[in-house]
Amino acid sequence: MEQTMEKMSSSSRLSEAQSDQLTKISEGDKMKSSSGGSNEVTKEVDCQMTLSRKSSRNQVLVSPGRSGNSGRNIHIKKGKSAQMKFEFDDVGSGPGATLSRASSASLGFSFSLAGFTMPPDEIADFSPFSDDDDDIPEDVEAGTRSKFQMEPTLQIYLKFTEVTYKIITKGVASTGEKGILKGINGAVNPGEVLALMGPSGSGKTTLLSLLGGRLTDHMISGSIAYNDQPYSKSLKSRIGFVTQDDVLFPHLTVKETITYAALLKLPKTLSKQAKEKQAEDVIRELGLERCQDTMIGNSFVRGVSGGERKRVSIGNEIIINPSLLFLDEPTSGLDSTTALRIIHLLQDIAEAQKTVITTIHQPSSRLFHKFDKLILLSKGSLLYSGKASEAMEYFSSIGCSPLISMNPAEFLLDLANGNINDVSVPSELEDIVHLGKSGTHTMNTKPSPTAVHEYLVEACATNVAEETKRKLAIRTSWDRETESSDIRYAKREWGASWTEQFTILFCRGIKERRHDYFSWLRIIQIIATSVILGLLWWRSDVHNTKDLKNQAGLLFFIAVFWAFFPVFTAIFTFPQERAMLKKERGADMYKLSAYFVARTMSDIPLDLLLPLIFLLIVYFMAGLRLTAQAFFLTMVIIFLCILAAQGLGLAIGAAVMDLNRATTLASVIVMAFMLAGGFFVKDVPIFISWLSYLSFNYHTYRLVLKVQYGHITSVVDGIELDGGLKEVGALAAMAIGYRILAYMSLRRVA
Ligand SMILES: Nc1ncnc2c1ncn2[C@@H]1O[C@H](COP(=O)(O)OP(=O)(O)OP(=O)(O)O)[C@@H](O)[C@H]1O
């Protein structure tokens, strides 16, 4: 046994005292132990013990009569089949102190004891506070919840010091700077869940985005280190980031969503079948089997529930088995049962030695106790950074304690908001109230929220921040252990080749917009328009010039209609998918070129189907030139016009990325092109004549005139019907040129 302990102790770089603790606790037990997954020793009792790099806890979390090792803290958690997790900590350190890993690394054990019944979870609760959430699901409460399984990956230790972030504010009269984050310090180890808490607007999302590498601009200062190295692009594929708003395609089913993510994100070395199998595993692990064939939905389309949608978002990120998982308010808007399930899921993920960081608004006390580390923010300043279990002790050490039984999270948020109605305040703060800043006595009996905020920020700076910074500066055993894993120079790897990316994105695009293709509304719109045109120009004759001019009006309308329609449809393409594009490109899921080509091509089937229906009706009703060649040439010209107009719409959308501004700009351009199209104005002044050459209506109109009347006359309404190659070339150049512009514009944003 002692040999076993020595082996474990040295392999996990634990101090002798800690290995001594371990020996005492596990004496007489039959034990199967593993250290970092390598050393395995089997003893008498069938226990499974894993060493985890849990930080120490000062809070006494011992179930009475359960352990009997005085002077040590033991935290017992339940798992599958009465699985227990023990954490042994030193008791001596002061409140709020964050111990360095080298000196105070604690041991986390989990082992199963056959036939052992565990006490309920309340052993982990803080005694002065009530639990406000009793509707815990049976499977969770009874310890029958199946554990989420994840493969081991590179472990990432994240530490950040003096993180400061400012933004430039532009007022009506002046421009200024606003501090969003002011010197934030903290650290989180693999195997831990760090919660970022604070009132709305305190800077949680900003800090999360900074740590997740989502905000990179020159207004950031301080240091953020991943295994002691700065952020690099190669980290993208190791980071999962679940945004506050679920960014998902509404018309894809749960299964399709996760499967496409698996196909794009998982390494090339895995076969398509293996990737699909992994997607199925994630669906099962997240308990989404029941709704796997349901559409995600949105406010217009009924889909899965909020909790299921959140789990799909998490599944989308964990499919790549990330080393670092960031979540922005994963429980907001969910009932307490669903919220608890999600936090349990995060715990399971962390237990696979992942580093998990989540923002959370107002957790119940049960949720609060699930977090290993806590950062409390208020107006961008740090109020607490350290172990979640020590937060209450820390605040009581600086004189702030709850006067009534309350959820610790509620108490901390009250403090962060400066609300001290049910909170005892320290004498220094009372003195400030009674004397006022000027030293004169005031009648006010309560410190103002600003005074509370200043007091807490100062207390944190003196008691916690300095201590945390000092410890962060120390090279820990963890740093030494991970320094060989140089994440900076790891090769950026795509999950699929360019062609595979294109195929997957093309199929996904078709599936997402399949309802559009068979939108009866659009088909009816086209049929109705073409029937009206056919009736208005019913069997129009072209035997004299007047009739010819009359029918030319129809041809011009066709040229305008099939330019307007595609421009205003294409404008939506990129602005609508901006959030998805940013998210997926942020995770290096595919090359922008593959997305661009797939996205623009997946609209083409519909773009060809509708004009075909249109022309079949109008052509024969209006009595246009009745030869197969004329019909097909007219069709090809319309397709070319559509491709050019679509290119313009894509370019405007990608350049502006704002629908209101894009539609305004497009309407001006399209109107100018229409007016310069050669039908309304015959003699365009020379200084503006270039506009005609930019107008796709102008080229389309000339081409259809040539196809319809080229055999009758060489001039129609003052327009010479010459070769036509110039016009074809111009439309083709526009179709390609506008797309290149769109691609370049898109590069700036994704
Ligand atoms: N680009 C920006 N321009 C102007 N203000 C900004 C910008 N980004 C953040 N802020 C401001 O910074 C503060 C912190 O924002 P952040 O979204 O990080 O808060 P939060 O704590 O996540 O809030 P919530 O809980 O409501 O999501 C807010 O006051 C917000 O208005």
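Just so you know, glycine gets a Cβ as well, placed from its N, Cα and C.
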Which is it, of 520-540, 730-750, that TrEMBL names as transmembrane segment? 520-540
Which one, 520-540, 552-574, 630-656, 668-693, has the most C-beta pairs under 8 Å toward the transmembrane segment (606-624)? 520-540
Predicted model, mean pLDDT over the domain 'ABC transporter' (158-404): 89
Name the range, of those listed as 520-540, 552-574, 630-656, that has the largest tally of Cβ pairs under 8 Å with the transmembrane segment (668-693). 552-574
Outside the transmembrane segment (520-540), six or more residues from its ends: residues with CB under 8 Å to it: 547, 550-551, 554, 557, 561, 610, 613-615, 617-618, 620-623
